[in-house]
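K.L.:
From TrEMBL, here are the annotated features:
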COILED    104-152  coiled coil
COMPBIAS  187-204  compositional bias 'Polar residues'
COMPBIAS  218-229  compositional bias 'Low complexity'
DOMAIN    9-49  domain 'RING-type'
REGION    181-263  region 'Disordered'
Amino acid sequence: MNNICWVFCTKCFNKPSQSSRRKFLITSCSHVFCDHCANIDDSQCPRCQAACRMIFINNEMPDEVKDVFLDVTEKVNMVFKAMEFQEWHRARLLNHYRAIAQKYEAAKVYIKDAENKFVNLKNKYDAAKLKINNQENIIQDLNRKLNFYKQKFGTRPLSNSQPLTELNFEVITAVKASRTPSSSSSKLQIPQPSNPLLTPTYSMYRNAYHPSVTTPDSSGSVRSSQFGSMGSYSGRNRSLPGFTPPSKTMELLTLLNKSRSQK
């Protein structure tokens with residue numbers, strides 16, 4: 001046991017030294033005496049007069065008694081090492097708990113967002129379901145009406161549509177072209193029909209059905225004119241543009257003319 005300079009006798013206050021060669025004792029009541037002031041066989045403490053047991057201070061002391069005589073610096077170093085070791089593990093444990101807390105907070109935010117999305121989707125689902133139910137009700141109502149009309153009126157086939165009458169675009173184009181004034185002549189050109197036997201000209205139509213009459217002019221002379229000539233309303237003579245009546249109408253007019261001539 002080294003560095004026990006703080007040990008002294010509580011009665012004579014002498015310290016252990018090599019010159020004195022004194023032995024020191026410690027009592028069970030924590031008092032220290034030299035062998036001159038106390039006897040190991042004493043059963044009473046010379047200081048507090050309490051019943052006690054004494055042992056010599058040496059390397060043969062029990063471990064629990066040796067611990068109080070250890071060097072404090074060694075104890076402090078051991079304590080610091082123990083504290084550093086424990087603090088290192090404690091810090092790792094705290095970091096683990098912090099990571100768990102952060103994950104927990106992130107999970108709370110994620111769950112809250114998921115709940116909001118779930119509520120929105122549920123609202124959309126309910127709205128779509130209601131709309132589908134309304135459409136189904138409308139379809140059922142239409143089916144009931146359809147069955148009612150089928151039972152009341154029965155099923156009728158659709159009538160075939162009549163084909164449209166074909167138009168002769170060649171004749172229409174010729175008529176339009178004849179009504180356009182030519183740059184070389186002030187008179188309008190009468191288009192010739194593709195089949196003159198079936199479609200007579202306007203002059204044939206005019207001569208066949210309108211007799212000629214005589215009208216006096218301003219000088220007193222008589223001039224002949226026919227109904228159907230395209231004279232202008234102001235008295236000036238103008239050429240008549242071509243006119244092609246329908247073929248069936250011309251046939252009826254021809255028959256009527258023949259019947260009149262026979263009479």
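In case you wondered, yes, glycine gets a Cβ from its N, Cα and C as well.
Keep in mind that what you see is a predicted model, and the values were worked out from it rather than measured.
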K.L.:
Across the coiled coil (104-152), what does the pLDDT come to on average, as a whole number?
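P.N.:
Result for the coiled coil (104-152): average pLDDT 95.
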K.L.:
By DSSP, how many residues in the domain 'RING-type' (9-49) are helix, how many strand, and how many coil?
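P.N.:
For that range the per-state counts are 0 helix, 8 strand, 33 coil.
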